[in-house]
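Worksheet: the structure to be examined is printed underneath.
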Amino acid sequence: MIDRQRMGLWALAILTLPMYLTVTEGSKSSWGLENEALIVRCPQRGRSTYPVEWYYSDTNESIPTQKRNRIFVSRDRLKFLPARVEDSGIYACVIRSPNLNKTGYLNVTIHKKPPSCNIPDYLMYSTVRGSDKNFKITCPTIDLYNWTAPVQWFKNCKALQEPRFRAHRSYLFIDNVTHDDEGDYTCQFTHAENGTNYIVTATRSFTVEEKGFSMFPVITNPPYNHTMEVEIGKPASIACSACFGKGSHFLADVLWQINKTVVGNFGEARIQEEEGRNESSSNDMDCLTSVLRITGVTEKDLSLEYDCLALNLHGMIRHTIRLRRKQPIDHRSIYYIVAGCSLLLMFINVLVIVLKVFWIEVALFWRDIVTPYKTRNDGKLYDAYIIYPRVFRGSAAGTHSVEYFVHHTLPDVLENKCGYKLCIYGRDLLPGQDAATVVESSIQNSRRQVFVLAPHMMHSKEFAYEQEIALHSALIQNNSKVILIEMEPLGEASRLQVGDLQDSLQHLVKIQGTIKWREDHVADKQSLSSKFWKHVRYQMPVPERASKTASVAAPLSGKACLDLKHF
């Protein structure tokens, strides 16, 4: 009797247990941004139509349903209008049915808005990947809200304005998708509740995936009918690489054969084949590589054929290579090449040094060889106009040496020996002409302006006028070049003071320097091989090599310079 009563009690308990059983399962995480609307759904909702109750998990306090509260329950949804950072926590939802209670937990985290455009990963929804030419992105969680169009879209925090971006309902359509369209896309919409509008934003990444394709195998290595050099007794490695398209490939493989026999059946332990490994080529093609390794090359290996095979569902391709003995390096030839290059480099360095030291001599020699009879059609009458300080009453003794240098030394060398035409003030006289006009015309018709600089030159008014005209022609009009000859006296006290010269003349002295004439330094004052005359000839134009008679007579002709005694 007692056993029957116990059995009845157990049966009653088993029958009534489902009425009071509560199933605790299901948990989910959700997040939102501060001062935005956040609506979450009970994880245990499913298709149930039974009422849902929400609780604060830490206090078991029931969350009200009145809409006047900032946090309230609406059917199976929990609304935060707006959400705040202190709302973060775990919330429990209970679905009560006549036979079973289901409890779910929701971990809600409210974050502050990022100060910059860089959105952290924990605020990103699932990444969207697309490969179609035209693609659409869905705004996440928008179906939970009471929103009205339009939805605003942003890419990397910048509003989308191009016509190929089209917003329709909760979607963003992108036409002609390219890799430039990859990035973070944010949708922004408005949730309306009790006459108040709340902003909601959601961000997800978009990446472009190109569609894969399969093609006939293409062997990229080794080349067709290639011959590889190896050393006897040394190890050797040969790679067989082939590309099959993009994406996953079914039944694609690369392998080696030796004399039309697979490596595993060839029977040589020295020769092993590594399994194919996946690689990507420079154009993003999917490729496979298999490496044939020979631990020690023998003479027998040189007579074998090695086939690189690539095959897939499209077909098979084969590249055959052979091995040959590597020729030893001819060290003697290398020594000869290194020695020859070293000698050539030394010769070039010596040549550069010689040219730098003897550049003027080389240039003068080149003139004599290459242009011995050069003619000019520039319309100039003279090769040089000589500008020098005149003799006047009370002049220093050095003035007379300048006069002798200008009227005797210069013509003897430059006119009689070199064939130049000089225009020298005071050498010839054509009366009845205006002095200033004739000086200016003579300077304009000269290819060089030779300044003879002396310590007493500042006392010569004629020198100052000619200097002005000549510098204007050389520096302003770029009509001629200037040669500066400095007369060095024997005493140190009467040297030329450059600071006393005109600014333009000081500039020329600083830039190109002067050619110094000192009588005690020159043994043969008219020798063309002296350093002074080499420098003068180098700066003079290339002379016309007319007959010596013509060269001497030229200064005495009607085109010679004028005697401007009363300048």
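All residue numbers here begin at 1 and follow the chain in the order shown.
Cβ coordinates come from backbone N, Cα and C, glycine included.
In Swiss-Prot this protein carries:
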{"type": "SIGNAL", "residues": "1-26", "note": "signal peptide"}
{"type": "TOPO_DOM", "residues": "27-332", "note": "topological domain 'Extracellular'"}
{"type": "DISULFID", "residues": "CYS42-CYS93", "note": "disulfide bond"}
{"type": "CARBOHYD", "residues": "ASN60", "note": "N-linked glycosylation site"}
{"type": "CARBOHYD", "residues": "ASN101", "note": "N-linked glycosylation site"}
{"type": "CARBOHYD", "residues": "ASN107", "note": "N-linked glycosylation site"}
{"type": "DISULFID", "residues": "CYS117-CYS157", "note": "disulfide bond"}
{"type": "DOMAIN", "residues": "120-203", "note": "domain 'Ig-like C2-type 2'"}
{"type": "DISULFID", "residues": "CYS139-CYS187", "note": "disulfide bond"}
{"type": "CARBOHYD", "residues": "ASN146", "note": "N-linked glycosylation site"}
{"type": "CARBOHYD", "residues": "ASN176", "note": "N-linked glycosylation site"}
{"type": "CARBOHYD", "residues": "ASN194", "note": "N-linked glycosylation site"}
{"type": "REGION", "residues": "204-216", "note": "region 'Flexible linker'"}
{"type": "CARBOHYD", "residues": "ASN225", "note": "N-linked glycosylation site"}
{"type": "DISULFID", "residues": "CYS240-CYS308", "note": "disulfide bond"}
{"type": "DISULFID", "residues": "CYS243-CYS287", "note": "disulfide bond"}
{"type": "CARBOHYD", "residues": "ASN259", "note": "N-linked glycosylation site"}
{"type": "CARBOHYD", "residues": "ASN278", "note": "N-linked glycosylation site"}
{"type": "CROSSLNK", "residues": "LYS326", "note": "ubiquitin cross-link"}
{"type": "TOPO_DOM", "residues": "356-567", "note": "topological domain 'Cytoplasmic'"}
{"type": "ACT_SITE", "residues": "GLU466", "note": "active site"}
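Positions of Swiss-Prot features highlighted on the structure.
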residue : record                      : Cβ within 10 Å
ASN60   : N-linked glycosylation site : 8
ASN107  : N-linked glycosylation site : 14
ASN146  : N-linked glycosylation site : 11
ASN225  : N-linked glycosylation site : 9
CYS240  : disulfide bond              : 25
CYS243  : disulfide bond              : 22
ASN259  : N-linked glycosylation site : 10
CYS287  : disulfide bond              : 23
CYS308  : disulfide bond              : 26
LYS326  : ubiquitin cross-link        : 13
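Confidence across the topological domain 'Cytoplasmic' (356-567), taken as the mean pLDDT and rounded to a whole number, stands at 73. Residues 124-131, 135, 137, 140, 177-179, 181-185, 244-249, 252, 284, 312-315, 317 of the same chain, all 6+ positions outside the region 'Flexible linker' (204-216), place their C-beta atoms under 8 angstroms from a C-beta of that stretch. ASN259 (N-linked glycosylation site) and CYS308 (disulfide bond) have their C-alpha atoms 11 Å apart, to the nearest angstrom. Within the group of glycosylation sites (ASN101, ASN176, ASN194, ASN278), the Cβ with the highest number of other Cβ atoms inside 10 Å belongs to ASN101. Note on the domain 'Ig-like C2-type 2' (120-203): DSSP counts are 9 helix, 49 strand, 26 coil. Note: the Cα of the residue listed as 'active site' and the Cα of the residue listed as 'ubiquitin cross-link' are spaced 81 Å from each other. Mapped onto three states, the DSSP output places CYS93 (disulfide bond) in strand. With ASN225 (N-linked glycosylation site) as the anchor, the candidate recorded positions are CYS139, CYS157, ASN176, CYS240, CYS287, and the one with the nearest CA is CYS240. Distance from the CA of CYS117 (disulfide bond) to the CA of CYS187 (disulfide bond) is 14 Å. Using DSSP to sort the residues of the region 'Flexible linker' (204-216) gives these counts of helix, strand and coil: 0 helix, 9 strand, 4 coil. Among the recorded positions CYS42, CYS117, ASN146, CYS157, ASN194, LYS326, none has a Cα sitting within 10 Å of the Cα of CYS287 (disulfide bond).
Cβ-based neighbour count (10 Å, all protein chains) for CYS187 (disulfide bond) stands at 24.
Taking only the Cα positions, the spacing between CYS139 (disulfide bond) and CYS42 (disulfide bond) is 20 angstrom.
Each residue contributes its Cα atom, and for ASN146 (N-linked glycosylation site) and ASN60 (N-linked glycosylation site) these two points are 29 Å apart. Of all the recorded positions in the record (ASN60, ASN101, CYS117, CYS240, ASN278), the one with the smallest CA separation from CYS42 (disulfide bond) is ASN101. Under DSSP, ASN60 (N-linked glycosylation site) is assigned to coil, being neither helix nor strand in the three-state scheme.
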